[in-house]
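Data block below; observations after.
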């Protein structure tokens, strides 16, 4: 799942990079584009382009193309010697070079007119076109794409189209394609003015005049007016349908789809949580069950010793921290007098006192802490598992380099890491066996097949929704359509609902579903934990109701509230702690924390070494016709 979102993020970044890179060499914009088309009686045409550039970087010149490709009348051609006028910052230029190059399906004009950032350049290019209209029995048709392949968006695009001979009957349409604004067409002075605003892809002119506007022979021996009007009506109907479908119908269906998944998941979640009681404000002033820290962590919180450890293959999210678990176990053994706490020469020592009453998992942990010794200073605990990645790396760098260094660093950590892993798994296995032996059932059950299928189905539905929204979002980005905002929002909604589903259902896969009896047990432990967390809010009656302060201190350590409880015990002069009486009145806790934290850190250091690699560096990279059937084409840019 993480890979899916990583690929998604990289895709969005690469899209932005690709679009930005197109004009990376020369930074410019087209502030206005005006096209004047005058159709003569001999079916030739004078086409004048007035193009205004605004440069924000150094440039060498400008390039403009005009094409002959696509569905155009037989014999359509372009004179390959257009006239060009160049204006720099409003002044007509006298010194510049021009080259006109045949492209096979059109011509390219290059104007070598270099300048600096901030310059404004206007090109006026006059083209001569031949045989531009189709002639039917009743009308002459224009079906032409003058804009198609520009590097940047053209702003303030305007066309003026007229015939040299006045026509009694005519009509003109302009298109940018589906999902784009429809250009405004106004009949004016025996011709038409088309305002298109900004054009980022194709721009097409489609029109008819009565056949007498040109005096050439009939090319298509059929009536054309009704066909042209029918084609435009079809385009209009299709465009309206697509706009309604993608702007209203499909988003509404998608929202209902998301609502369906969300509502059904909420229902399933409510059923799975039916035995879960809210214990946020509840407080319990006595220990619910006499469980050791290892048993409590495994049984109630569903986290094993090996899963919490920093050297686990797959660590598990839990409200219990590994270092707190180790500290709580040691404190528990001191309280039960299996370990004796003494202080000699301002230094704390732990000595093994009684092993007979220890469980198998506790024996393994004591063996890890003491090794072959029976008495150790706190800072000597777990000494057999100490490992310093930086020191080891520094030492080995003197002897090895490259891949050999990588191998030796990994080998140096493997022995201690394998031992730690083996011991931690042994502790977890012994804990599970202990729970089974005592008949202490888990408060959780596994998901039933039907429940798991429902969660999987909702997850797949949301992924499909996100992928579909992403695809449409990308599509409309390339179409430069405002519909991208709708599908961008749907994509965000899909991700939000997906995140909610995954985060809410993770506990069912990690822990399971609370049983009726299990819900009661977990509720009591949550209430007990709340009491410890809010210990500073105790009143006198609350204090008197707590009779096992020593056990409370053990569990406070497990839950991460040791300092808070220790401070409370000092302030209220509570002494009924049994074997733990030295804990709040000395600096034992800082010493214990230092020792266990060091063990955890060096364990993490061994993990770092096990994944050590030599970075060698690398390099990488990211990897027709018109709307109504017309041809032609035109583009341009700067260099």
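In case you wondered, yes, glycine gets a Cβ from its N, Cα and C as well.
Annotation source TrEMBL lists domain 'DUF2207' at 29-201.
For 286-569, the entry in TrEMBL reads domain 'Predicted membrane protein YciQ-like C-terminal'.
The annotation signal peptide is assigned in TrEMBL to 1-23.
The transmembrane segment annotation in TrEMBL covers 241-263 (among others).
Marked as transmembrane segment by TrEMBL: 455-478 (among others). Within the chain, the transmembrane segment (455-478) has long-range Cβ neighbours (under 8 A, six or more residues past its boundaries) at 4, 8, 11, 15, 179, 246, 254, 257-258, 261, 264-265, 268, 447, 484, 487-488, 490-491, 494-495, 497-498, 501-502, 505, 508.
According to TrEMBL, the feature transmembrane segment maps to 484-502 (among others).
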Stretch-averaged pLDDT - the domain 'DUF2207' (29-201): 90
Residues of the parent chain within Cβ reach of the transmembrane segment (241-263), under 8 Å, 6 or more residues beyond its termini: 178-179, 458, 461-462, 465, 468-469, 472, 483, 486-487, 490, 493-494, 497, 500-501
